[in-house]
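*Asks:* What follows is a structure written as structure tokens; I'll ask about it next.
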Amino acid sequence: MTLLETIQEYKNIGIAKIIDYEKFNNYTITAHSTQIEGSTLTLDDATLLLNEGLTPKGKPFIHSQMVTDHHKALLFIKEEVSKKRTINAQFIQEINAHIMHSTGTSYNTVLGTIDSSKGEYRKGSVYAGQRYFVNYQKVPGLIDKLCTTINTQLEKKLSDDDKINLSFYTHFELVSIHPFYDGNGRTSRLIMNYLQELFGFPMSVVFKEDKLDYIQSLEKTREENNIQYFYDFMRNQYQKFLQLEIDRYKSQKDNDDYTSIDF
């Protein structure tokens with residue numbers, strides 16, 4: 001089954017219309033995105049935190065803050081979808097500010113102090129994995145160029161495949177520019193989710209257990225200068241998420257004929 005066929009099946013069976021499905025789906029997106037960035041909170045931990053306000057014992061409080069802030073950022077982008085907000089530098093910075101609200105810190109540079117909790121661009125070099133990212137002086141121009149590309153594409157009559165690829169492209173480009181001192185991955189994934197929601201598609205997840213493959217797909221795309229590697233990885237992740245949701249829904253439907261246990 002193709003990805004588009006799986007998306008259509010997901011829509012046809014009405015999973016998203018189930019009471020509280022959207023809420024708990026948001027928790028899933030938040031849990032996986034923060035775990036990729038080092039949070040030790042499991043999906044169950046995140047659900048109890050976000051649904052009941054219960055902070056998990058024995059785990060760093062900063063990880064609970066990461067989860068809470070990401071969830072608020074996710075709700076923020078979904079609200080902005082209803083306004084059909086234009087993607088621009090300010091919007092991207094606002095998303096990052098939501099993500100880093102409680103865990104951001106100040107960086108003292110020769111150009112002044114940068115507050116990473118306010119979505120301010122970095123003013124220095126950043127290094128992650130085996131890679132130094134683009135010089136900070138190029139960040140504003142590259143972000144503006146990316147936003148222009150996105151908005152130019154949005155003005156076109158895109159196929160569903162093109163829409164999905166645009167969301168993945170935006171994810172890849174933003175995380176590769178790495179405009180912030182922290183929160184780049186989470187911000188990039190939420191921008192991807194924003195576009196998917198804008199197009200009327202389910203929001204995709206990058207699974208925490210596939211983190212290594214995720215990083216390798218990013219690196220291979222950069223090394224080979226071929227974004228198809230990243231598209232293929234993300235399509236597989238999207239398909240995996242949707243199929244898991246469809247299978248879980250069908251298995252629960254099969255259990256509708258519950259017979260009570262005799263006392």
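Just so you know, glycine gets a Cβ as well, placed from its N, Cα and C.
Annotations in TrEMBL come from automatic prediction, not curation.
Feature table excerpt (TrEMBL):
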type     : residues                                       : note
SITE     : E37                                            : site 'Important for autoinhibition of adenylyltransferase activity'
DOMAIN   : 87-236                                         : domain 'Fido'
ACT_SITE : H178                                           : active site
BINDING  : D182, G183, N184, G185, R186, T187, S188, R189 : ATP binding site
*Asks:* How many Å lie between the Cα of S188 (ATP binding site) and the Cα of E37 (site 'Important for autoinhibition of adenylyltransferase activity')?
*Replies:* 12
*Asks:* Round to a whole number and give the Cα-to-Cα distance in Å for the pair R189 (ATP binding site) and E37 (site 'Important for autoinhibition of adenylyltransferase activity').
*Replies:* 12
*Asks:* Sequence gap of 6 or more, C-beta under 8 Å: which same-chain residues meet both conditions with respect to R186 (ATP binding site)?
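*Replies:* The list for R186 (ATP binding site) reads S33, T34, E37, H70, A73, I99, given in order along the sequence.
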*Asks:* List the Cα distance (Å, whole number) between H178 (active site) and T187 (ATP binding site).
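*Replies:* Their Cα atoms are separated by 10 Å.
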*Asks:* Across all chains shown, how many C-beta atoms besides its own are within 10 angstroms of the C-beta of G185 (ATP binding site)?
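*Replies:* The answer is 23 other Cβ atoms.
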*Asks:* Run through the domain 'Fido' (87-236) and tell me, per DSSP, how many residues are helix, strand and coil.
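*Replies:* Helix/strand/coil tally for the domain 'Fido' (87-236): 92 helix, 12 strand, 46 coil.
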*Asks:* If one looks at the chain holding T187 (ATP binding site), which residues at least 6 apart in sequence have a CB under 8 angstroms from its CB?
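*Replies:* Long-range Cβ contacts: I92, I95, N96, I99, L174, F180.
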*Asks:* For the recorded ATP site, enumerate neighbouring residues of the same chain (Cβ within 8 Å of the Cβ centroid of D182, G183, N184, G185, R186, T187, S188, R189, site residues themselves excluded), in sequence order.
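*Replies:* Other same-chain residues with Cβ inside the cutoff are E37, N96, I99, L174, V175, F180, L190.
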